[in-house]
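Engineer: Found this in Swiss-Prot, in case it helps:
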type	residues	note
REGION	1-22	region 'Disordered'
COMPBIAS	9-21	compositional bias 'Polar residues'
TRANSMEM	66-86	transmembrane segment
TRANSMEM	126-146	transmembrane segment
TRANSMEM	176-196	transmembrane segment
TRANSMEM	221-241	transmembrane segment
TRANSMEM	255-275	transmembrane segment
TRANSMEM	290-310	transmembrane segment
């Protein structure tokens, strides 16, 4: 009978390096747990979870698509307005046509563009009315989609509740009034921003303070504050009036301020990035389209994330009432 060789006994001695690794891992885990337990950071984590669970990225992409699609009838109305202006100023129309002809070396292409301009001027009424009707329809649907996306982030549960159902004509009427309100809010925002920018140099010149160096950053800070205040009014309307719900006042005001500051940062980033895009041939051709789509997408994501942040201000309410996606 063969004798089995002696098997070496497994060593029970622990590797010092593995013990140190576990200690470091435990330290990092505890450190991350302490960071996550900070109320402000925990709030952002809850908002991010709700934003992702309730398809914030997908809703943002849908809002971007509908926003870009709504630009087509707006361009039709713009061309019709230009047609009315050119029709009332024959000299301006003649000068525009001559510039087109002189700037294009290909005679057939110049002739085609000349006929296009003349056709646009002749059909300005038809194009304007058609574009206005399409813009009204697409604008009402756009505001409705934005409202539903904000509702998805703001509801206590994911599914639409029976009491939220409303008649279709009432929904379209409310969306139409909401669209008018949004346009008024945009006009006020643009007015305050433009006044803040133009009045800055006028006030400095009127007071004879051109030579004071430290006044320039102060005036820039004042103009920035006015612009953020205008953004605040716009997002207060979007996050409070548009979805027709009553969140707690504190989270609403703080979330609106966060959206206003983020929107101002987005505008600054776009003013820096768009000139850089225009330097390349492809950027010159598609830069404006890419810039608009990027702006709409980040605007939608910012709006929906702030809506989720406002809705998750109370951790107890969020944990007890948040429901999973249907079929999850």
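Glycine residues also receive a Cβ, built from the backbone N, Cα and C atoms like all the rest.
Relative to the rest of the structure, where do these features sit?
Structural biologist: Within its own chain, the transmembrane segment (221-241) has Cβ neighbours under 8 Å at 146, 150, 178, 181-182, 185-186, 188-190, 192-193, 195-197, 200, 247, 252, 255-257, 259-261, 263-264, 303, 306-307, 310, counting only residues six or more beyond its boundaries.
Same-chain residues lying 6 or more positions outside the transmembrane segment (255-275) and placing a CB less than 8 Å from one of its CB atoms are 224, 227-229, 231-232, 234-236, 238-240, 287-288, 291, 294-295, 298-299, 302-303, 306-307, 309-310, 313.
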Engineer: What stretch, picked from 66-86, 126-146, 290-310, has the most CB pairs under 8 A with the transmembrane segment (176-196)?
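Structural biologist: The listed stretch sharing the most Cβ pairs with the transmembrane segment (176-196) is 126-146.
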